[in-house]
């Protein structure tokens, strides 16, 4: 077992991930549902990518954005789960200092990328419903690629200062991170310095990304609802709204756990630490697992392609 007592040092070569404080005796059992969720996320997102790549009928803006979302989900889940399972099952708590900073960067950067992709998908639904005749001319392959690159660069650029800020502080009390992964504030709180710049920058980035993206998504759906309610029949309204159902479910799956985790971590001092950490893990695990299921079940084109693929293999 690892000795989690504090040690005296200034520049640690390694950190030790504690896991879920207070629930160490349940680590082996907690890892089972986590591993199951990771396997479902891997299989589901790889299947989505394979279907979109091989079926030309799915070579449309919505599915291009969905493939970007699947890649982002694979990166998010893979950046945390293998290390977490090694810690839970094999007692491998040690992580190199620079490996910790790299994990931190990937987690926070690609969370921002995923939020940007949800905005891009809302833009696609807006154009498809409010300007259907111009959908293909507005969202060309070039435009889709440019939107994806902007979402990627925004996430990378805004999160790049995080590891550099963490790297500059001295760590003279402990190198034990009370978390299952290298979460930014969990690591920086170990520093023997004034970390207010980290806290303020982190808060500013979250408010900027979430505030901007939620506002853009909300405005898109206000216009979508206005267009839908002007349609002549209830059947047409329901059919049009059904095309947005998958995207709305994915939005709720991503933002609700994220905001709940953020708000409880920042503003609630009475919630146990293990609850904070479990919420943070759900935020990284649940969307990658549910997104391919939601689109696989609710999107007719993907559902039909999956059924055709498995029927062909059976025959």
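Cβ from N, Cα, C; glycine included.
Bear in mind that TrEMBL entries carry predicted annotations, made automatically and left uncurated.
Annotated features, as they stand in TrEMBL:
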type	residues	note
TRANSMEM	26-51	transmembrane segment
DOMAIN	44-295	domain 'G-protein coupled receptors family 1 profile'
TRANSMEM	63-85	transmembrane segment
TRANSMEM	105-126	transmembrane segment
TRANSMEM	138-159	transmembrane segment
TRANSMEM	200-222	transmembrane segment
TRANSMEM	243-263	transmembrane segment
TRANSMEM	275-294	transmembrane segment
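Within the chain carrying the transmembrane segment (26-51), a Cβ under 8 angstroms from the stretch's Cβ atoms is held by residues 19-20, 58, 66-67, 70-71, 73-74, 77-78, 81, 84-85, 87-89, 281, 285-286, 288-289, 291-293, 295-296, 302, 305-306, 309, all 6 or more beyond its ends. For the transmembrane segment (63-85), same-chain residues at least 6 beyond its ends with a Cβ under 8 Å from one of its own Cβ atoms are 17, 31, 34-35, 38, 41-42, 45-46, 48-49, 52-53, 92, 95, 103, 106-107, 110-111, 113-114, 117-118, 120-121, 124, 141, 144, 147-148, 151, 180-181, 250, 281, 284-285, 287-289, 291-292, 295, 301-302.
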